[in-house]
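Notes for the one structure printed next.
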Amino acid sequence: MPTATPYEDLLRLVLDTGTPKSDRTGTGTRSLFGHQMRYDLNAGFPLITTKKVHTKSIVYELLWFLRGDSNVRWLQERGVTIWDEWASPTGDLGPVYGVQWRSWPTPSGEHIDQISAALDLLKRDPDSRRNIVSAWNVGEIPQMALPPCHAFFQFYVADGRLSCQLYQRSADLFLGVPFNIASYALLTHMMAAQAGLGVGEFIWTGGDCHIYDNHVEQVTEQLSRDPRPYPELVLAPRDSIFDYTYEDVVIKNYEPHPAIKAPVAI
């Protein structure tokens, strides 16, 4: 069975039909507004194969989010530097993803652990249409080093299988989106395991889907490569969603094409 290539198809679509736009970084982009990709999580783990993706950074970043952390020191100690450009001299990023996921502040001074609440709801009421986690806290965006790009996700259960849909307001297609697809696919597997469910789909919905002008050459090279079969995820059993370690996440048979370097737009 041929490997599904929704990500590569989106790259090609934006390259061919994207609208030239200016952007906050001053780099310039080709952009398309509104697109959806679907990945069957039973057909392999959706880690892009047309270039090598740094899986260590993906796994540690997700564990960092689940810790409720917003300081890059924990990542740096594990050799992950993907957030360094936005951090303060002390490593702080403000109330970014992990803080909102685990400790959303309420007007009464309490804090909501959205991940725990989502998992509890999966167990109590799997048919709920309210199982949503949001990082887009309007009142705290000015304090964030970078407003959330992957802002909002929803869980859905059908036939004993858990699916997740992410809304990503701003999608750096070459550098960022391969990370985001794999990260939320991994989170879906973790949540499903904790709720006693199988996995269904990961659905990615993008707002401003863009290729930076200084990534066009790299994207063209990537699209010249034939996609390979997706790898397999093996997740060790854990008692809590917050107990997972890097060693618990094993990605087998990942045989991608070589990595392609590109500058980050800050």
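Cβ atoms here come from the backbone N, Cα and C positions, even for glycine.
Model, not experiment: these values are computed from the prediction.
Going by Swiss-Prot, these are the annotated features:
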BINDING   Arg24, Arg129, Arg130, Arg169, Ser170, Ala171, Asp172, Asn180, His210, Ile211, Tyr212  dUMP binding site
BINDING   His54, Asp172, Ala265  (6R)-5,10-methylene-5,6,7,8-tetrahydrofolate binding site
ACT_SITE  Cys149  active site, nucleophile
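Shown here: features listed in Swiss-Prot, placed on the structure.
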{"residue": "Arg24", "record": "dUMP binding site", "DSSP class": "coil"}
{"residue": "His54", "record": "(6R)-5,10-methylene-5,6,7,8-tetrahydrofolate binding site", "DSSP class": "coil"}
{"residue": "Arg130", "record": "dUMP binding site", "DSSP class": "coil"}
{"residue": "Cys149", "record": "active site, nucleophile", "DSSP class": "coil"}
{"residue": "Ser170", "record": "dUMP binding site", "DSSP class": "strand"}
{"residue": "His210", "record": "dUMP binding site", "DSSP class": "strand"}
{"residue": "Ala265", "record": "(6R)-5,10-methylene-5,6,7,8-tetrahydrofolate binding site", "DSSP class": "coil"}
Cα-Cα distance, maximum over Arg24, Arg129, Arg130, Arg169, Ser170, Ala171, Asp172, Asn180, His210, Ile211, Tyr212, record's dUMP binders, Å: 36
Number of Cβ atoms other than its own within 10 Å, given for His210 (dUMP binding site): 28
Rounded Cα-Cα span from the residue listed as 'active site, nucleophile' to Ser170 (dUMP binding site), Å: 5
Cα separation, Ala265 ((6R)-5,10-methylene-5,6,7,8-tetrahydrofolate binding site) to Tyr212 (dUMP binding site) (Å, whole number): 8
Spatial separation of Ala265 ((6R)-5,10-methylene-5,6,7,8-tetrahydrofolate binding site) from Asp172 (dUMP binding site) - C-alpha basis, Å: 9
Cα proximity to Arg130 (dUMP binding site), best match among recorded positions His54, Cys149, Ala265: Cys149
Among the (6R)-5,10-methylene-5,6,7,8-tetrahydrofolate-binding set His54, Asp172, Ala265, as the record gives it, the longest Cα-Cα distance in Å: 18
Pairwise CA distance, Arg24 (dUMP binding site) versus Ala265 ((6R)-5,10-methylene-5,6,7,8-tetrahydrofolate binding site), rounded so that it is a whole Å: 9
